[in-house]
Amino acid sequence: MPRGAGRLVLVMGLLALALGAYFLAPRLPLLMQPPTEGYDPARMVLVYATLPRLVMAVLCGAALGASGALLQQALRNPLASPTTLGIDAGARLALGAVTLFYPALFGWGRDVVALAGSGVAAALVFGLSRRQDFSPVALILSGLLVSLYCGALAAALTLVESRYLASLFVWGSGSLSQQSWTPTFDLAIRLAVLVVPIALLARPLSLLDLGEDAARGLGLNVAYLRLGAVALAVLLAAFTASSVGVIGFVGLVAPILVRLAGARSFGRSLAAATAVGALLLLLTDLLVQMAAGLSADFLPTGAVTALLGSPILLWLLPRVTVRLRKEAAAMPAMRSYALAMRRGVLPVFIIGALLIVLTLIALAVERAPNAEWQLLSAADVSHILPFRWPRVLAAVGAGLLLGSAGFLLQRLTGNEMASPEILGVSSGATFAMAVALFVSGVPSLATVTASAALGAALVLGLILFLSRRSGFQPERMLLAGIALSALLDAVIGVLSAAGDPRALQLLSWLTGAGFAAEPMSTLVSLALVALGIIAALCLVRWLDIFQLGAVTAQELGVPLGLARVLLLALVAGTTAVATPLVGPLTFVGFIAPNLVRLLGLRHSGTALLSSALTGAAILVTADWVARTVAFPFQLPTGLVASLVGAPLLLWLLQRRPA
Amino acid sequence: MTAQAATPDRASAEKGFVLEDVRFAVDGATILHPLSARIGGGQVLGLVGANGSGKSTLLRILARQTAPSSGRVSFGGRALADWGARDLAREIAYLPQYPQTGIGLTAREVVALGRYPWHGPFGRFTANDAARTDEALRVTETTDFADRTLDTLSGGERQRVWLAMLVAQDAGCLLLDEPTSALDISHQIEVLSLIRRLAHESGRCIVIVLHDVNMASRFCDRVMGLRGGRLVVSEGIHDFMTPQSLRTVYGLDMQILPHATHPAGVAIPN
């Protein structure tokens, strides 16, 4: 029996073969019979729906697995996946916009529109990271930002014009259902074109395992190599997305599974990830078709993949001792700004003052009933302010929480992609909120908050349980979080795609549109904010020492396991308080710490406070924009936060000299 | 590096290690065969041997970065595993062969972090802590670039900053894995002289992995020679600097030439 990744492929292959045989055995004899004259629905379903669908699953899974393997190798980050480069979000935005504003374009074909959207998004990502020589951090940051931005815009369109865009739900969850062989052949041809260039890049890419300098020393042009690999990965994912929609999880999880199973060299792990991706999607689709029967067409396989993939990942995670993180992509040096040289607390005061000004604007500047801009008049203060201040202060509180949670998590994991949104804690909170919504119909705010806290606590407990054997290695906690998060998102995705009317309410929640704050709950949240930040400030010394690496931290007597558990618990706690306030999808926890890092603040205490204040400033601004810009309609605060924060980050990313 | 190194804060710096049948294996391959030894204070002990002979593994076990597969290690009369993390960090400082890179902190900030075992997560960073940080910067001659970030320094400068952090940590026992690998010859001499003074003047116990036989001959008091994961030589420096011992450790014939100022002589391969 082969070892390592080979065994994983073999086991999954045999399983797929057995399931496939069981599934197809009663139907295949239809093919043997001579074609009957006239109408034969069973045969038609088999030939034009079932078979192409299975082939489609294999093709898409393989393409996404390979795409993920390429990206994780080229960007030296085990969390990179096609979704993080904005490919899906670009396609989704293009589809949404064309549906609403220029449906005639669909005459060229839906896949062409999606492909164009992906292409524009990818071009944007490359353009943004060009000045930094396509460094991994720059590519990842720009990719995530483009993804956030397009995703937020697409979601905003969906919310405003939900009637027309219901089909985007299904597309966004990745439905494999087919009516003919044409899309399958189209995809196969497109993918076949990419096989040769990928094979050519496999060997140079494996040199990256030596580190960039050594690879350069061996005669590689690392920047162009990375560009080429990322471009190929983008094409793979874009072709897939244009024909079946978003299947997010495979590209992330297939390469990780392969590495956990023991593949070391890049050539092997690329091949194995391709196979595992194909088999994972095939298995999922077989299960979906068998379980759902005729309604399988409406159950999007993409959303369900996580239901199968996450448990495998969670099962493998505590069992292996392989080091996951390849050589850390060096954090960008931060020495270019005048601000960086100031070691004092001045930046904290500047950002704090900015926050106060923004808060006052949010309280006082409004749109009159006739949509004119005006200052809150003295006469209205007593009528309006009691309704407005809780909401504004809740935004401040949530921003403070998310900003500090994101900073803590990025320091803890040493990964600039980490944010509370991907840790699974927000997903846990959201999931519990969704359950509350589905069980009780119209839950009260207290019920919602309580269930959010419960969900977050459960997810946190699971993450700790799963990573205890590795000594709470941050990388593993992050992966456990991602797996849980994908699992919960899958359930939410299935609910949304199933057409349940409550799905729309769920979506509005996810985007922070159901932003209702009461004075009491706001004050309680603010008290919790103060507690959380004081607790975080107490741990600042650990955060400083974490920068020196785990070995030195241990050498200096930091209790690593305890420190990691405490920090993670703090992150989870703060996220749990913030999620019911603004929804899980603000990405403030991702944007704020990165902004602070690009500003060049190194010292943990200063950076923590700045990150918290920046988060609050973004959310207050977002909330104010959400209330006023489309007056009398309100936009979802969480979405607007992405739209407000992302350009700031992009601007800083551009300014930073390479 | 003319100044006297500061004396440690604790009363007795002369704690030492006792190793009994310490063995280390990974995936069935034995890296370190059962080894027993005593390692005491007030002297510089050199760990020498060819590549892959188990020197770094032994050092990592002493530093409690790795647990031995079997056998017992104790320090100061207590099993190494029973020490609290910060208590141990006040006694033992460890410099890995390849410390973390890509650090955006300044040299002074990194050196100040060496005071963590003394003030802990909540204690105040006292004037004494600051003084010891300055002192550590001074004796390692890193004051000139104390306010530059670590990733802007040269390899040798960075290595001296890490050493400064260890000096600031003020432990009674220093475990150093090739601390001079990136240094030019004059800084090698200065750093090793400093390390020797730390041992002789304040009774610290120093265990140092060295590649250069002649640096070992000049600065170590004792040498433990490893070959293929076995301890093959453990003797004073004069007994080590003989053709027989050197052949046992390196499997290479060398001759010992007299040297005007250091008595153990220098070794030259035949």
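One is the number of the first residue shown, and numbering goes on along the chain from there.
Glycine residues also receive a Cβ, built from the backbone N, Cα and C atoms like all the rest.
Automatic, uncurated: that is what TrEMBL annotation is.
The following features are taken from TrEMBL:
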| type | residues | note |
| --- | --- | --- |
| TRANSMEM | A:7-25 | transmembrane segment |
| TRANSMEM | A:83-106 | transmembrane segment |
| TRANSMEM | A:136-160 | transmembrane segment |
| TRANSMEM | A:298-317 | transmembrane segment |
| TRANSMEM | A:344-365 | transmembrane segment |
| TRANSMEM | A:392-410 | transmembrane segment |
| TRANSMEM | A:422-439 | transmembrane segment |
| TRANSMEM | A:445-466 | transmembrane segment |
| TRANSMEM | A:556-575 | transmembrane segment |
| TRANSMEM | A:581-600 | transmembrane segment |
| TRANSMEM | A:607-627 | transmembrane segment |
| TRANSMEM | A:633-653 | transmembrane segment |
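Below 8 A, the CB atoms of the transmembrane segment (A:344-365) and the transmembrane segment (A:7-25) form no more than two pairs separated by six or more positions in the chain, fewer than 3 in all. When Cβ distances are compared across the two stretches, the transmembrane segment (A:556-575) makes contact with the transmembrane segment (A:392-410), since 3 or more pairs at least 6 residues apart fall below 8 angstroms.
Counting residues 6+ beyond its ends, the transmembrane segment (A:445-466) has Cβ neighbours under 8 Å at 314, 317-318, 423-433, 435-436, 472, 476-477, 480-481, 484, 488, 516, 518, 521, 565, 568-569, 572-573, 575-577, 579-580 in the same chain. Same-chain neighbours of the transmembrane segment (A:607-627): 345, 347-348, 351-352, 354-355, 358-359, 361-362, 365-366, 391-392, 395-404, 406-408, 515, 533, 536-537, 540, 543, 582, 586, 588-589, 591-593, 595-597, 599, 601, 634-641, 643-645, 648, counting only residues six or more beyond its ends whose CB sits under 8 Å from a CB of the stretch. For the transmembrane segment (A:422-439), the residues of the chain that approach it from at least six positions outside its boundaries are 79, 409, 447-448, 451-460, 463, 478, 480-485, 488-489, 491-492, 495, 502, 505-506, 509-510, 571-572, 575-576, 579-580, 583-585, judged by C-beta separation under 8 angstroms.
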